[in-house]
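Accompanying notes for the structure given below.
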Amino acid sequence: MLRKSVLELSSRLSIKRFPRNLGAQRFHLSSSRNASTSGKNGLPGAKPVGKPDASKVDPPKVTPPPPTKGNSSKVVIGGVAIAGAFLVAYQTGYLDQYLGKEQQKLSERIHSDALTEKLEEAHHLNVPSGVEDSTEKDGKVETQPQVTHSEASEGVQSDIELQPESDLSSDRFTYISSNQEETPQETVIDRAEINLPISASEDSGAKPDMPSEIISEAESVKLEAVPKPGDSPIIVNAQSSSVHRESETESASPKDPAALKTPEDGIEREVQLPGSLLKEYNLEGSDTESTGSSSIGEQITKETEAFPNSTEGLKDSYMTEDGKLVLDFLAAIHAAEKQQAHLDAQVFAEELRALKEKYENELRDLRARELMRIEEAAILDKELKRERTKAAAAIKAIQERMEDKLKAELEQKETEAQLALSKAEELAKAEMISTIAKEKAAQIEKMAEADLNIKALSMAFYARSEEARQSHSVHKLALGALALDDTLSKGLPVQKEIDTLQTYLEGTHKDSILGLVLSSLPEEARSNGTDTVLQLNQKFDTLKGTLRHFSLIPPGGGGILAHSLAHVASSLKFKEVDQANGGIESVIKKVDNYLAEGKLAEAAATLEEGVKGSKAEEIVSDWVRRARNRAITEQALTLLQSYATCVSLT
């Protein structure tokens, strides 16, 4: 993963840009050193370089050393040896105190452009041309801009300021040269002083509970390898092999530096961590430039002398500043990854909050619409109940009015009948009295003719009495016929009226045909009544659609397809020119005509004959039966009225 990150950083180097306040403050250093071909190395000596001109931005031209086979082999062997010594020292816990110092106090982000450029310059200046091709493939480094936790939470931006070139003194730069004067070699120490505005809370380490990867940043870069006395000078660059090994070692080790310390490192546990990496690398700004350069030399001397005194043979290795650079660079990469994840989480939370607000607004709108629809439904329900109440009240009022009207008519008819009966009785009584008086007078006058006259009067009396009785029975028969007609017009049961008529016929018309007619009335009409002509018309209109549908289905029934085709065919209406073809529409037309003429029996017979042999025969059977009952009852009523009329005339 580290190799992938290094390659990505290298590929993004071309699109990076320098901040506006750092564009004119980049500085480049070059130096040369002379060495003889004898192969003996002297102690490292610093050669001061004059201050670079502030007005000139372009770096001075540097003549690269001639590529030699021996030089390349020395660089490769020295790099491998330093990397192995560094790994051994790291695994044994010798570097814990330095790692703890580096990872605890870093709180601001590293400037990616400055770090990348310094690595490239050191790479091109220190690596010979023979080795440069192999190191360029794996040594490309790029760092992404990072934002610390304090900047993400508080929105504070920290600017990285470099010292102007005019303020840099020659004491800031040291060079390693050998005592050999015949073979020229060159090494470059590129140092940059970075001033970071850090708050007091960050300087004092106010957040110990935060991971060191989040708050750590690399603040300085030192590309100088200090050789051990007696060895040839070796320039160590940020090569891909050492970086890869160190990254694997760091990933395999625990994150907490204190956990790496062994019981044997009792002295190292007592060492206090410095305030920041700037103080450790002597890169923090001071009042005087001379004191800074002297402290750099002392620090290098102490570090050089500390390495030979490390525990056992494996710890006797080079602890160069390049190792710290790699660790700082790895810590910066981890911090960038952590910070990028933190920023992604913030962006995701913001988008989630926006979506939540959007859906909450939509939910509120939907709830408001739902409440409006509920209110509308309640209003419509109230109106419907009110209309139902009005309709029920109107129906009840009409029923009461019709019942009152019927009662009034019945009372009027009974009163008229009673008056007519009383008049007839009075007339009969008067005639009887007069007849008796005449007979008595005739008996007094003619005793001889008394017996004859009495018989004649008796015969006349009996004749008139029979006439009066017959007249009275005819009146009762007419009243019964009227009552039967009224009951049939309402569709009510006629059993009561039939019983009354049979009572009237028992005394005078025992042998008449009326008894047979009344006994032939259907039992359903007597007990339940018959439908009126209007009701029969309404029921037939209701049956028309069903009649059209079931007339196309055989008596045994059909499946879903038969019913579907019958439904479609029944919905299509065609005007039939010839009504004698026996189609369902012609049958319906004939029945309508018969109903309009009042011929119920013919209508029932026509309908029954028209739907015979189809499924509709079962549907119309009830209507045909009711129509025939009505027809029979009306025929009996017509016969009764005709008989009463004939009797009254004779």
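In case you wondered, yes, glycine gets a Cβ from its N, Cα and C as well.
Range with Swiss-Prot annotation transmembrane segment, chosen from 361-381, 424-444, 550-570, is 550-570. Per-residue pLDDT, averaged along the topological domain 'Mitochondrial matrix' (571-650), amounts to 75 for this model. Only residues 6 or more beyond the boundaries of the coiled coil (396-430), in the same chain, are considered here, and those with a CB under 8 A from a CB of the stretch are 464-465, 468, 471-472, 475, 479, 482.
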